[in-house]
Amino acid sequence: MAWFDTHCHLDFAPFKQDLPSYLAEFKRCNIQGCVVPAVGPENWQTVVDLSSLKMLKIALGYHPCFLDKNALQGEPELLLGELEALGQIVQQYRERLSAWGECGLDGRFPETNAHQEFAFNWQIKAAQKQALPLLIHSVRLHDRVAHLLKQAQFDQGGIIHGFSGSYVQASRFVDLGFKIGVGGTITWPRSEKTRKALKRLPLDALVLETDAPDMPLFEMQQQHNTPLNLSVIFEQLAALRSESPQELEQRLWDNSLQVLRLES
């Protein structure tokens, strides 16, 4: 069975130093696909260049934690220039893209909420026009993210990446056509609410991810996270679910291809 990591930053250290060696190791471990989302202007072109590697799929977006620091000192509209530049590079490389992202809202930084919402709303509308699914970063603001998606009548689907939250919150996203990204969060003892949600959600709503090199697994905090940890995340998920491991593996793979509109 093949694995698919729907969210990993392989243009970040340590991967960028020797990416071919890492990819060869991933293939040996039956990881057949990875999605690499961009976070901002500084890596849009770098991520585009990765699309030449067969096992890598790419997404372009503007992450709420990487918004231009100078723009954050003024009105949200100061972000418009970079957002329009993003729109242009998406248009230029549209055929190489599997999704739009990473984008969304992060409630850990309330002082930038207005700027985050301006950038996210702009990207929701642009992704709708380009008919691209969204890879969404949603931290402590699930209800607001869901509200903005519904308000924009966004219907291209996507993935709520690295989900941590309740069954009700996850279900709201599923009702909006999104998959729930299952990552290292479920390995942590404090994540009981998230595990309960993942146990109850329909199987066709789930995909695997690592967010490598970030989102370390429990008791692995001193190590760089890598797509190789998909198997650990899968074991944790399988322990929660009623399906056989074989069915779970196959459906997670199928779900990944379906949401990203990839051929099997």
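The backbone N, Cα and C atoms fix where each Cβ goes, and this holds for glycine too.
Divalent metal cation 1 binding, as stated in TrEMBL, involves His7, His9, Glu102; the candidate among Asp204, Asp211 given for that site is Asp211. In this structure the alpha carbons, written CA, of His9 (divalent metal cation 1 binding site) and His161 (divalent metal cation 2 binding site) are 13 Å apart.
According to DSSP, Asp211 (divalent metal cation 1 binding site) sits in a coil region rather than a helix or strand.
Around the Cβ of His7 (divalent metal cation 1 binding site), the same chain contributes Val35, Pro37, Glu102, Leu135, Ile159, His161, Gly162, Gly181, Gly183, Glu209, Thr210, Asp211, each under 8 angstroms and 6 or more positions distant in sequence. Around His137 (divalent metal cation 2 binding site), the same-chain residues at least 6 positions away in sequence with a Cβ under 8 Å from its Cβ are His63, Pro64, Cys65, Gly101, Glu102, Cys103, Gly104, Leu105, Asp106, His161, Gly162. In this view, the densest Cβ surroundings among the binding-site residues His9, His161 belong to His161, judged by other Cβ atoms lying within 10 Å. Highest Cβ count within 10 Å among the binding-site residues Glu102, Asp211: Glu102.
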